[in-house]
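Structure first, commentary second.
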Amino acid sequence: MAEPLRVVVTGAAGQIAYSLLYIVAKGDVFGPNQPIILHLLDIPPMMGVLEGVVMELADCALPLLHGVVPTDDPAVAFKDVTAAFLVGAMPRKQGMERKDLLSANVKIFKVQGEALDKYAKKDVKVLVVGNPANTNALICSRYAPSIPKENFTAMTRLDQNRAQAQIAAKLGVPVRQVSNLIIWGNHSSTQFPDASHALVNINGANTAVVEAIKDAAWLNSVFVETVQKRGAAVINARKMSSAMSAAKAASDHMRDWFLGTEDGRFVSMGVISDGSYCAPKDVIFSFPVTIKCGKWKIVQELGITDFARKLLDATGKELEEERQEAIQIIEA
Ligand SMILES: NC(=O)c1ccc[n+]([C@@H]2O[C@H](COP(=O)([O-])OP(=O)(O)OC[C@H]3O[C@@H](n4cnc5c(N)ncnc54)[C@H](O)[C@@H]3O)[C@@H](O)[C@H]2O)c1
Ligand SMILES: O=C(O)C[C@H](O)C(=O)O
């Protein structure tokens, strides 16, 4: 059997981690033959709760889980890790936008960037889930200069999964038959969920979703807005932000990054922008990517309509504004 991988989950006593830890520990992310040692980071007041999570992990009797390291010390949490799920951060409440969390959360990602730089493996793959995820990932990367910028990503997979589920429901097909939905830009209400390159597999043949749905007005309005506002809809209903679906999306993101995307399918990830599709450079922008051998590559030369262009520009502008605000908060 392979050597165990060290995987850190921050915010380990929180609600997303409660679902995520089980998915990771049972082998759904790194594969059924890959043992892991889980490093669990939370803040000092949560150590009692974390103890209960550790008990439950033991009680799951999971064969791939070779060790658990609960801690409130980033130096211990990030030591020799190969994968990092950065979940620990304050969630938004009803009526807030995710960027309203910048002042509460961005400093966490500076500290954790510094700790990753010092203690993690240099090829560590980092997924930022804590909001505002794109800008937190950018700040984390800036404070970890010895780790390649390509190794810092932000989660827009939940938005992609939401988009896929909306299209599948509209067409009355299982979600697995729908692929290649794109989330462009920020994990915020300016994101652009784009179905114009998506495919639906009907009776073994791929058809463009646009052709199958034949309702451009719905695709450009109801569909886009439903996905953009889905996080807020869950908060309004649950009075807490999404957790089960966020954990599933985090595991999908990391699994595809480690194990690769299927031929002919692409997925969306917030990655460091190289200016593809005229997105602003040096922000973490969600693009469609394919992944092979642990490396993501932005899918190029997809057609962009005038409608799409406006939405891509708006979400890019918001990311530039968030970057500026984050730097001001950190330097204050
Ligand atoms: N990107 C996405 O799609 C997405 C989806 C859902 C939620 N989120 C975000 O994920 C974050 C976590 O959500 P949750 O529902 O699990 O929240 P939660 O409040 O249930 O848990 C957060 C945990 O993080 C811990 N924490 C706070 N500061 C920390 C630090 N410096 N180091 C380590 N741990 C720390 C808290 O003590 C708590 O246990 C929120 O910011 C939320 O908005 C993002
Ligand atoms: O909406 C939120 O604040 C939580 C999360 O980002 C989500 O999309 O559900």
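Backbone N, Cα and C atoms are what each Cβ position is placed from, and that goes for glycine too.
Look at TrEMBL and you will find His187 tagged as active site, proton acceptor. TrEMBL lists Asp42, Asn105, Val129, Gly130, Asn131 with the feature NAD(+) binding site. What TrEMBL records for Arg92, Arg98, Asn131, Arg162 is substrate binding site. Summarising the annotation, TrEMBL assigns domain 'Lactate/malate dehydrogenase N-terminal' to 6-152. The domain 'Lactate/malate dehydrogenase C-terminal' annotation in TrEMBL covers 156-326.
Overlay of TrEMBL feature records on the structure.
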{"residue": "Asp42", "record": "NAD(+) binding site", "contacts (Cβ under 8 Å, 6+ apart)": "Thr10, Gly11, Ala12, Ala13, Gly14, Val49, Leu50, Pro70, Asp72, Gly88"}
{"residue": "Arg92", "record": "substrate binding site", "contacts (Cβ under 8 Å, 6+ apart)": "Arg98, Asp100, Leu101, Asn131, Ile235, Ser241"}
{"residue": "Asn105", "record": "NAD(+) binding site", "contacts (Cβ under 8 Å, 6+ apart)": "Ala89, Met90, Gly130, Asn131, Pro132, Asn136"}
{"residue": "Val129", "record": "NAD(+) binding site", "contacts (Cβ under 8 Å, 6+ apart)": "Ile16, Phe85, Leu86, Val87, Ala89, Met155, Ala246, Ala250"}
{"residue": "Arg162", "record": "substrate binding site", "contacts (Cβ under 8 Å, 6+ apart)": "Pro193, Thr226, Val227, Arg230, Ser245"}
{"residue": "His187", "record": "active site, proton acceptor", "contacts (Cβ under 8 Å, 6+ apart)": "Arg98, Asn131, Pro132, Ala133, Asn134, Ala154, Met155, Thr156, Leu158, Asp159, Gly270, Ser286"}
Would you mind sorting out which binding-site residues among Arg92, Arg98, Asn105, Val129, Asn131 put a C-beta under 6 angstroms from ligand 2?
Arg92, Arg98, Asn131
Near the Cβ of Asn131 (NAD(+) binding site), how many other Cβ atoms are there if near means within 10 Å?
27
So if I draw a 10 Å sphere around the Cβ of Gly130 (NAD(+) binding site), how many other Cβ atoms end up inside it?
29
As a quick check of your reading of DSSP, tell me how many residues in the domain 'Lactate/malate dehydrogenase N-terminal' (6-152) are helical, how many are strand and how many are coil.
66 helix, 27 strand, 54 coil
Per DSSP, to which secondary structure element type does Arg162 (substrate binding site) belong, with helix, strand and coil as the options?
helix
Along the domain 'Lactate/malate dehydrogenase C-terminal' (156-326), what average pLDDT does this model show?
97
